[in-house]
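Asks: There's a structure below that I have some questions on.
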Amino acid sequence: MEASAGLVAGSHNRNELVVIRRDGGGGGGVGGRRAAEAKAACQICGDDVGEGPDGEPFVACNECAFPVCRNCYDYERREGSQACPQCKTRFKRLKGCPRVAGDEEEDGVDDLEGEFGLDGREDDPQYIAESMLRANMSYGRGGDLQPFQPIPNVPLLTNGQMVDDIPPEQHALVPSYMGGGGGGGKRIHPLPFADPSVPVQPRSMDPSKDLAAYGYGSVAWKERMEGWKQKQERMQQLRSEGGGDWDGDGDADLPLMDEARQPLSRKVPISSSRINPYRMIIIIRLVVLGFFFHYRVMHPVNDAFALWLISVICEIWFAMSWILDQFPKWLPIERETYLDRLSLRFDKEGQPSQLAPVDFFVSTVDPSKEPPLVTANTVLSILSVDYPVEKVSCYVSDDGAAMLTFEALSETSEFAKKWVPFCKKFNIEPRAPEWYFQQKIDYLKDKVAASFVRERRAMKRDYEEFKVRINALVAKAQKVPEEGWTMQDGSPWPGNNVRDHPGMIQVFLGQSGGRDVEGNELPRLVYVSREKRPGYNHHKKAGAMNALVRVSAVLSNAPYLLNLDCDHYINNSKAIREAMCFMMDPLVGKKVCYVQFPQRFDGIDRHDRYANRNVVFFDINMKGLDGIQGPIYVGTGCVFRRQALYGYDAPKTKKPPSRTCNCWPKWCCCCCCGNRHTKKKTTKPKPEKKKRLFFKKAENQSPAYALGEIEEGAPGAETDKAGIVNQQKLEKKFGQSSVFVASTLLENGGTLKSASPASLLKEAIHVISCGYEDKTDWGKEIGWIYGSITEDILTGFKMHCHGWRSIYCIPKRPAFKGSAPLNLSDRLHQVLRWALGSVEIFFSKHCPLWYGYGGGLKFLERFSYINSIVYPWTSIPLLAYCTLPAICLLTGKFITPELTNVASLWFMSLFICIFVTGILEMRWSGVAIDDWWRNEQFWVIGGVSSHLFAVFQGLLKVLAGVDTSFTVTSKAGDDEEFSELYTFKWTTLLIPPTTLLLLNFIGVVAGVSNAINNGYESWGPLFGKLFFAFWVIVHLYPFLKGLVGRQNRTPTIVIVWSILLASIFSLLWVRIDPFLAKNNGPLLEECGLDCN
């Protein structure tokens, strides 16, 4: 696809394409090796390395060839550590160098004339060099060389059999007289033969010498033997597993090949010492809950029956909610990846990369709430990712059709030509320039290149200029012209009307487009804005993502997709390789539908007041799900398998053959299971299984065909697919695009070679038209699923119902980082949107309570999905339960009768179990107590505000058809750090928790004053009520701090609420009259001074 083709706009009902031209450019060069070696400088003293006796550059270390001159080499051996400064390998003694302590014992090695047989020619360097070269740089006796005579090969004896194909370095040492002529002289290393027709010779030795002279029997020899034995055991183990070619050919790359055959990842179960006590306390807590509820139900409070009934109902609901949340954590696991093995298998140096291509999706809607600079940093981090350039394509979806986003992306593509080579040259992290230059670290650490400081300063200056240009575009966009925006060539911007515009595609960078400043190729960068027309349901973000799926299938069709929010940049450039360790693993990869990474955030205050990091969910719940069927999809930072998004069933797992007569005697089979096998034998022969594609007709279980039933790569497989699959059914399912339908049959990706770029561009415009999805399965069984504003839950749920599994990957360096809402109001609105999406799923046909039975969804995985759509309903009992303490303190009643010793035991046992469960959960997961406690606090804050409103809004939408508007969460800019934390924005979500706080404060004051007036007898029952009230206040404390805002700055709304509720409190105070002693007897009326 030509990157300079220009912006292409089109419509589904207009048979035309409009192309707006743009410009492009590129260039590059290399040097030579020999001159560089000749001028190599010693890394110790700075002098030239110089040449050795053979005329080649002097090499001190044969392991790493670290540049060291002869003088420094002699000094380090004599006075220094005697080791290479780089690889720490001990320097070996070279010819002509003085001996030092620690050199290996060699007979006569100090006598050059006797060692090399110079015969008086020790001053002839040419003779010495030729002798050493013929000896393969070994310590042989050059003078003993005789004219070459082939020596009969003496193979090793292995298990009593002769093996003739053993490589030379594995032959045994043999005396020189073996071979009838001793053509090998007294050499102790094999002779190098240039003629391949000459048989390989055995290693000869002098029988008059002791074997220790050749290294046999020494400590070093024993260590080598132990290492060799371990290697043989490892090779034997791999051989038993049936992997590879084990003919003993002695290939030098064999260790690397062994490593490449190893698994690319492995599961790391939580140690039993940490997880078993956790499981035990869960079981104990269940038992204690049973006894606790038995007591609560059997001992009602007669004088406060309503309070007792409400509390019991709430407690039962909390217990059920805890069970739904707890049991998916029963089998938590962690995972490790091996990037070196991935490279050895799929990305060998000097060979074309075999890594799978990946399409990156970035979605944005409103540049006023999602700053273009934030989006630009995300795109730059993608373009500079550590992955083969030809395998990366980045698609940016602009669902707001904003010219500001288009122009910012154009500037980003130009800056990428400088930024991408800088990142890859110096291997910096992270590769989003805004966050890289904000790092408060010593950037000189571990950077030895002298040019790094200079180039970093120049790059920072270029980035500041880039920011100025982006901010200028933002400032210009604040004033919209009356006639609308126009492009540089004078044509009107096609997206002036956000709700009525054609589809637009612009390829900024690509394989044939602009190159970077060093002349290297850049990844493809494509701008996409789908068509919008009045009267069509565009399905918000889910519809935009499905449009990107179709466009990318037409233009690049990578088998894997990565979707990111515009404010989530790649923090670990090797994140995609981490995902490929699972996706491309030949053992487990075929059944993996997506790899989910945890969300990590920048710019959050140290205390994380509103639990923005959500550590408990990402480090506890998701690890638990990974041990079942995989984590749920959270909307960003996820690598998908394209075929799984197309609604295909997961490949069927081949079951191992059962133990039948192949491994048991015939008489055993006849006796033990004769009836069963006899019955099978008498049945009709099974018809031959045909490998075909099929569609399931059930509406709620209508995935496409199972990919596992197609043999990829078989002769004529593609022809069979096209012939077997009904074309009409495919078009009805995927839409009326023959190019796109054909791409869905390519499991390993790739575009159609017969299609021209012009035809692909036309198809790309067609598949993003607003009417393309009509009467298809898009949003129902294919792609991102419609029906909820939290499309991520539905999408992952449908994949798991098709039998796929997902993977949770937590690299040591966070893969992606994003921005989180800092102020209280934005955080509550974010939680409101999530909860509203769950309520919508609860009332839809895809509710996990009744959808997907009989499919591939596992039982505990269903528990998790049920919990994810039921949790907003917990807000109703939570609100009631948080109100009870204030009512109890104001009325003098309580939700429990007077406790007996047995009842106190159950109450104390339950509290201890709750406490110990939290401690053990933090212990096995590694979550800090601060994060765990913030999560508990915000569970109450969100429950009595956002979740409560989500339930009522969801009911209004279902029952009355009142739709709620989707609000994009504002992304952080580059203002003062944590300035948004103290910003107060009034919203109705603040009313319920504010009321709860004031009610409980009033209740505490009323209860204490009542106890003071009634004497010490009432203090005992008061402690239980006060504990109950303080439990509520402590959980709402972060909300109280957010409500007050900065010090000495109380919001007006708080003052108004305080006055209003103070008035109510005054009326209650008069009604309670706490200063009047309460008696059960008759009231005495004051009738004057003399009452008698």
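Cβ atoms are placed via backbone N, Cα and C, with glycine included.
Annotations for this protein, taken from Swiss-Prot, read as follows:
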type	residues	note
TOPO_DOM	1-280	topological domain 'Cytoplasmic'
BINDING	Cys42, Cys45, Cys69, Cys72	Zn(2+) 1 binding site
BINDING	Cys61, Cys64, Cys84, Cys87	Zn(2+) 2 binding site
TOPO_DOM	325-868	topological domain 'Cytoplasmic'
BINDING	Lys541, Asp565	Mn(2+) binding site
TOPO_DOM	890-901	topological domain 'Extracellular'
TOPO_DOM	923-937	topological domain 'Cytoplasmic'
TOPO_DOM	959-987	topological domain 'Extracellular'
TOPO_DOM	1009-1019	topological domain 'Cytoplasmic'
TOPO_DOM	1041-1049	topological domain 'Extracellular'
TOPO_DOM	1071-1092	topological domain 'Cytoplasmic'
Asks: Determine how many residues of the topological domain 'Cytoplasmic' (923-937) DSSP places in helix, in strand and in coil.
Replies: 12 helix, 0 strand, 3 coil
Asks: So which other residues, same chain and not among Cys61, Cys64, Cys84, Cys87, have a Cβ within 8 Å of the centroid of the Cβ atoms at the Zn(2+) 2 site?
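Replies: Those within range, site residues removed, are Ala60, Asn62, Glu63, Ala65, Phe66, Pro85, Gln86, Lys88, Thr89.
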Asks: Using DSSP and three states only, what is Cys84 (Zn(2+) 2 binding site)?
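Replies: It is coil.
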Asks: Out of Cys84, Cys87, Asp565, which of these binding-site residues is nearest Cys69 (Zn(2+) 1 binding site) by C-alpha distance?
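Replies: Closest candidate to Cys69 (Zn(2+) 1 binding site), judged by Cα separation, is Cys84.
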Asks: Compile a sequence-ordered list of residues in the same chain as Cys45 (Zn(2+) 1 binding site), six or more apart from it, whose Cβ lies below 8 A from its Cβ; state 'none' when nothing qualifies.
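Replies: Listed in sequence order: Cys69, Asn71, Cys72.
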Asks: State the count of C-beta atoms found within 10 angstroms of the C-beta of Cys69 (Zn(2+) 1 binding site), not counting that atom itself.
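Replies: Result for Cys69 (Zn(2+) 1 binding site): 21 other Cβ atoms within 10 Å.
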Asks: What number of additional C-beta atoms lies within 10 angstroms of the C-beta atom of Asp565 (Mn(2+) binding site)?
Replies: 24
Asks: Across all chains shown, how many C-beta atoms besides its own are within 10 angstroms of the C-beta of Cys84 (Zn(2+) 2 binding site)?
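Replies: Taking all protein chains shown, Cys84 (Zn(2+) 2 binding site) has 20 Cβ neighbours within 10 Å.
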Asks: What residues elsewhere in the chain lie close to the topological domain 'Cytoplasmic' (923-937), defined as a C-beta under 8 angstroms and at least 6 residues from its ends?
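Replies: For the topological domain 'Cytoplasmic' (923-937), the sequence-distant neighbours (Cβ-Cβ under 8 Å, at least 6 residues beyond its ends) are 270, 274-275, 278, 332, 607-611, 613-617, 619-620, 623, 1034-1038.
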Asks: Cβ within 8 Å of the Zn(2+) 1 site's Cβ centroid: which residues qualify beyond Cys42, Cys45, Cys69, Cys72?
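Replies: Other same-chain residues near the Zn(2+) 1 site: Gln43, Ile44, Gly46, Asp47, Val49, Val68, Arg70, Asn71, Tyr73.
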Asks: According to DSSP, how is the topological domain 'Extracellular' (890-901) divided among helix, strand and coil residues?
Replies: 3 helix, 0 strand, 9 coil
Asks: Does DSSP put Cys64 (Zn(2+) 2 binding site) in a helix, in a strand, or in coil?
Replies: coil
Asks: Expressed to the nearest Å, what is the distance separating Lys541 (Mn(2+) binding site) and Cys64 (Zn(2+) 2 binding site) at their Cα atoms?
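Replies: Rounded to the nearest whole number, the Cα-Cα distance is 53 Å.
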Asks: Quick check on the binding-site residues: of Cys61, Cys64, Cys72, whose CB has the lowest count of neighbouring CB atoms inside 10 Å?
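Replies: Least crowded of the binding-site residues Cys61, Cys64, Cys72, by Cβ count within 10 Å, is Cys64.
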Asks: Provide, as an integer number of angstrom, the distance between the C-alpha atoms of Cys42 (Zn(2+) 1 binding site) and Cys84 (Zn(2+) 2 binding site).
Replies: 12
Asks: Please report how many Å separate the Cα atom of Cys64 (Zn(2+) 2 binding site) from that of Asp565 (Mn(2+) binding site), as a whole number.
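Replies: Rounded to a whole number, the Cα-Cα distance is 44 Å.
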Asks: Tell me the Cα distance separating Cys87 (Zn(2+) 2 binding site) from Asp565 (Mn(2+) binding site), rounded to the nearest angstrom.
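Replies: Spelling it out, the Cα of Asp565 (Mn(2+) binding site) and the Cα of Cys87 (Zn(2+) 2 binding site) are 43 Å apart.
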Asks: Far apart in sequence but close in space: which same-chain residues, 6 or more away, have a Cβ under 8 Å from Cys87 (Zn(2+) 2 binding site)?
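Replies: Listed in sequence order: Cys61, Glu63, Cys64, Phe66.
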